[in-house]
Structures are given as C-alpha cells and as structure tokens.
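Student: Supplied in structure tokens, the structure appears directly below.
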Amino acid sequence: MNKTLLRGVRLYGEGDPVDLLISDGVIAEIGTDLADADAEVVDAAGQVALPGFVDLHTHLREPGREDTETIATGSAAAALGGYTAVFAMANTDPVADNAVVIEHVWRRGREVGLVDVHPIGAVTVGLGGEKLAELGTMARSAAGVRVFSDDGHCVADPLIMRRALEYSKALDAVIAQHAEEPRLTVGAQAHEGEQASRLGLAGWPAAAEESIVARDCLLALHVGARLHVCHVSTAGTVEVLRWAKTRGDAIAPQATRAGIVPQAGRPGISAEVTPHHLLLTDERLASYDPVNKVNPPLRTEADAKALREALAEGVIDCVATDHAPHAVQDKDCEWAAARPGMLGLQTALSVVIETMVRPGLLDWRGVARVMSERPAEIAGLSDHGRPLEVGEPATLVLIDPDASWTVRGAALASVAGNTPYEGMTLPGRVMTTVLRGRITAHDGRIRA
Ligand code: DOR
Ligand code: ZN
C-alpha cells in the first residue's frame with residue numbers, strides 16, 4: 001500500500017484539524033473527511049504536523065565505534081525522534097576525510113533507509129588540523145558532500161580555516177566549525193566559572209569559543225563564504241553572532257548546482273544550539289556524574305537564557321543535537337577520564353518544547369523553523385523542511401503535544417545509553433515520522 005491517510009492533524013499546530021492524504025510519497029490532498037479505500041488510516045486526532053526534522057550534527061560512530069552506535073541504530077533513534085535527515089559527523093575511525101569512507105556511510109544510510117543520512121566531510125586530513133582534506137573529491141562523490149567539519153576538534157589554524165572557506169565557497173558548501181581555541185582549553189574539564197572553582201575542575205573559558213567565532217566570522221565575511229557555528233554555548237558568542245549577522249547578509253546566495261535548488265535566504269553565517277545547552281547548566285556538575293560532561297561544557301543559567309532568547313530571535317538559526325553516544329566504560333568512570341558527549345536524537349523535541357514552547361518563546365511554526373526549515377536551508381537540502389502543502393514531499397512528523405514521557409536510557413534505540421535526562425519526565429511525544437510517504441516510526445516503534 002503506498003497511500004496513507006492521516007486523520008485530524010493540525011498543520012503547524014494552527015487552525016482546525018484536517019486530513020492529509022499521502023500518495024506516492026507526496027501530499028496529495030488536504031481537507032476534511034477525506035476517504036480512500038486503499039489508504040492505511042492513521043488516527044492522529046489533535047496531533048501537530050510539522051515538516052520532518054533535520055539534524056545538522058549527529059555522531060553515528062560507524063565506522064569504528066559500532067559498540068556505541070551504528071548507522072542503523074542511530075537512524076532508528078533519529079526516526080523515533082521525528083528526524084527525516086541527519087548529517088553524520090566525520091570524527092569516525094577511520095575519519096570521513098575521503099570519498100571512500102564518505103560513500104560507505106552514505107550507502108549504509110540508504111540501505112537502512114529510515115532517515116536520509118548525509119555524511120559530513122572532514123576539513124583536514126585525520127582531523128589533524130594541518131593539511132586540508134580533499135574537499136572537492138568528497139563533494140563530487142556519490143554522497144555530494146556540502147557540509148565539512150572537523151567537529152570534536154577546532155580548525156584552529158587561521159590560514160587553514162581561510163583556505164577551507166575559500167574551497168567551500170567554490171564547492172557551494174559550508175564549513176561547520178567546532179569553535180574552541182585549543183590553547184585556551186588545555187586540560188579543561190568544565191565551564192570556567194564559580195562552579196568549576198568550587199569543584200576543583202580545570203576551566204574551559206567562554207572566550208575560547210567566542211574568540212574563534214569572532215575570527216571565523218571575520219574570515220567568512222572576508223572570503224564571502226558560508227560559515228556555520230556548531231553548538232553555540234555562551235552569551236558572548238550570541239553577541240558576536242548578532243554583530244556578524246548584520247554584515248553577513250551581504251553574501252550573495254551561492255550559484256545553482258545540479259540537482260539542488262538554491263534556497264532563498266540561504267545564510268552566510270549561521271549557528272546552531274544543542275537542546276542540552278538550552279536546558280542544562282553547570283549546576284549539574286555537583287554530582288560529578290560524567291553523563292553531564294560535554295564539549296563545549298554546560299554553562300551558566302545566564303548563558304542558557306541568552307541561548308534561548310537568541311534562538312527565538314533567529315540570531316541562532318537552529319537546533320542541532322550533537323548526539324554523541326559513548327560506551328559505558330567511557331562514561332562510568334572518573335570525571336577527568338570520561339569522554340564528552342550525550343545522546344540527543346530522541347529527546348531533542350521534548351527539550352525544545354520544555355525550554356522554548358512552554359515558556360512562549362517559540363510557537364509550532366517556530367519549532368518547524370529551527371528544527372527543520374532552517375537546517376535544511378543551511379545544508380542546501382531541497383527536499384526537507386518543505387511547506388506542508390499539496391504537491392510537496394510527504395516528509396513530516398506528527399507530535400502529540402499533550403503527552404509526556406519519562407526518559408530511560410536503556411529504552412532508547414541507541415546502542416549507548418548516556419542520556420543526561422534519565423528519569424526526567426519531558427513534554428510532547430513523537431507519534432509518527434514519515435519520509436517521502438513512508439512511515440518510518442510510529443507510536444514509539446520503528447517500521448522497517
Ligand atoms: O561533547 C562532544 N562530543 N563534543 C564534541 O565536539 C564531540 C562529541 C563526540 O564526538 O563525542
Ligand atoms: Zn563539537
């Protein structure tokens with residue numbers, strides 16, 4: 001059966017409930033009391049329909065650390081979280097700094113078929129920060145890479161960063177920077193502030209992020225290239241972005257390339273924030289539980305508040321999970337030895353509802369903007385983040401806004417279980433995820 005009838009949904013959480021008939025992968029009809037004898041009927045009364053979410057920052061760990069996540073388990077977590085496309089970070093083993101690894105990830109993502117897996121290419125060989133990777137070869141590979149990042153590491157050398165921006169401009173791509181001046185974070189374990197002093201943890205100063213963001217904005221403006229700032233974590237970075245964006249609009253939209261429709265308003269300088277930086281602060285570190293260790297670190301409530309406001313305002317463009325699965329032995333250990341990172345794909349929406357929707361900072365249109373439309377624009381995806389209209393791809397998510405659920409790491413689809421929300425009850429639940437007309441997840445279960 002290639003038809004589905006979604007009954008009683010509220011598009012973008014607005015207006016009266018409607019039925020949505022999906023046929024051959026597209027939205028064929030929107031109306032009331034629709035009927036189709038051939039269609040699978042999904043009773044979605046009162047559920048909010050949004051375009052499927054796009055995550056610009058996912059660590060899928062394959063190849064190399066399949067003991068923590070695979071492309072299959074990470075894709076399942078994504079579909080259950082309402083995602084229809086994810087961008088897989090390059091810090092795998094081997095590193096995705098060449099077309100062979102890139103095409104492997106891309107092919108495996110297609111085989112699994114639950115979300116569109118777009119591999120991100122490394123900026124430098126082996127994430128070493130010294131020699132540019134062959135960006136052009138990755139761009140021309142079957143995966144058509146258009147996002148490059150050394151995430152986990154900062155492209156710290158300003159000349160390498162400049163060259164990367166120049167190449168990415170020629171390739172109609174974007175450089176996603178993990179902004180962390182490494183000389184300022186040697187041995188760092190926590191946000192540099194009162195809490196770190198109290199706990200005796202070496203500090204990771206806000207300036208280590210802010211100085212790189214300022215530098216990279218200046219370089220991107222100089223070169224006329226597109227820069228995306230990963231996981232913004234400080235109020236100061238928001239101020240730098242606010243300044244840079246007043247100048248960034250001067251960058252012309254990039255040239256058309258085959259198969260990809262250039263999107264209006266494709267940004268010159270863009271930025272993401274993680275759900276955990278919106279909700280959690282360094283107050284949590286008192287337990288010394290490494291589940292709270294993440295890079296950049298959890299910061300202060302003043303920072304989190306600035307991030308929420310910046311996301312509402314559009315100074316920060318979108319939410320990205322930085323979904324970072326880790327093995328038990330790398331988390332259940334002393335703080336200093338633990339690896340940074342936390343799961344995010346299945347909890348992202350609920351954390352966004354808790355931090356942004358409930359306090360009235362975003363409505364459902366706003367959620368669609370920050371979790372779907374804007375990330376699709378930033379990455380140049382033409383088939384995600386589309387309006388929910390007749391003729392558009394049926395790539396969408398249905399949400400029960402009134403439900404709540406209690407997070408259990410062991411029950412999540414990821415191989416690893418390192419969620420910082422263990423035992424917390426969070427609002428909102430993904431009920432159904434649809435990718436090009438096919439239901440990928442429904443009522444907490446994957447549809448193979
Ligand atoms: O917390 C983090 N974990 N930050 C990063 O930049 C990398 C990531 C990982 O790969 O585990
Ligand atoms: Zn990072």
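Backbone N, Cα and C atoms are what each Cβ position is placed from, and that goes for glycine too.
Copying in the features that TrEMBL gives for the protein in this structure:
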DOMAIN    46-234  domain 'Dihydroorotase catalytic'
BINDING   His57, His59, Asp151, Asp322  Zn(2+) 1 binding site
BINDING   His59, Leu60, Arg61, Asn91, Asn295, His326, Pro340, Gly341  substrate binding site
BINDING   Asp151, His178, His231  Zn(2+) 2 binding site
ACT_SITE  Asp322  active site
Student: Run through the Cβ atoms and count how many others sit within 10 Å of the one on Asn295 (substrate binding site).
Tutor: 18
Student: Around the Cβ of His59 (Zn(2+) 1 binding site), how many other Cβ atoms lie within 10 Å? Please give the count over every shown protein chain.
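Tutor: Total other Cβ atoms inside 10 Å, all chains included: 26.
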Student: At a 10 A cut-off on CB-CB distances, which of the binding-site residues His57, His178, His231 has the highest count?
Tutor: His57
Student: Do any of the binding-site residues His59, His231, Asn295, Pro340 touch ligand 1, in the sense that the CB is under 6 Å from one of its atoms?
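Tutor: Correct list: His59, Asn295, Pro340.
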Student: For the substrate site as recorded (His59, Leu60, Arg61, Asn91, Asn295, His326, Pro340, Gly341), determine the largest distance between any two Cα atoms, in Å, rounded to the nearest integer.
Tutor: 17
Student: What does the structure give for the C-alpha distance between Arg61 (substrate binding site) and Asp322 (Zn(2+) 1 binding site)? Integer Å is fine.
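Tutor: That separation, Cα to Cα, works out to 12 Å.
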Student: For the domain 'Dihydroorotase catalytic' (46-234), what's the model's average pLDDT?
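Tutor: Summing pLDDT over the domain 'Dihydroorotase catalytic' (46-234) and dividing by its length gives 98.
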Student: From the binding-site residues His57, His59, Asp151, His326, Gly341, pick the residue whose C-alpha lies nearest to the C-alpha of His178 (Zn(2+) 2 binding site).
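Tutor: Smallest Cα separation from His178 (Zn(2+) 2 binding site) among His57, His59, Asp151, His326, Gly341: Asp151.
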Student: For His326 (substrate binding site), which residues in the same chain are close in space, meaning a Cβ under 8 Å from its Cβ, but six or more apart along the sequence?
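Tutor: Result: Thr68, Ala338, Arg339, Gly341, Ala416, Asn418.
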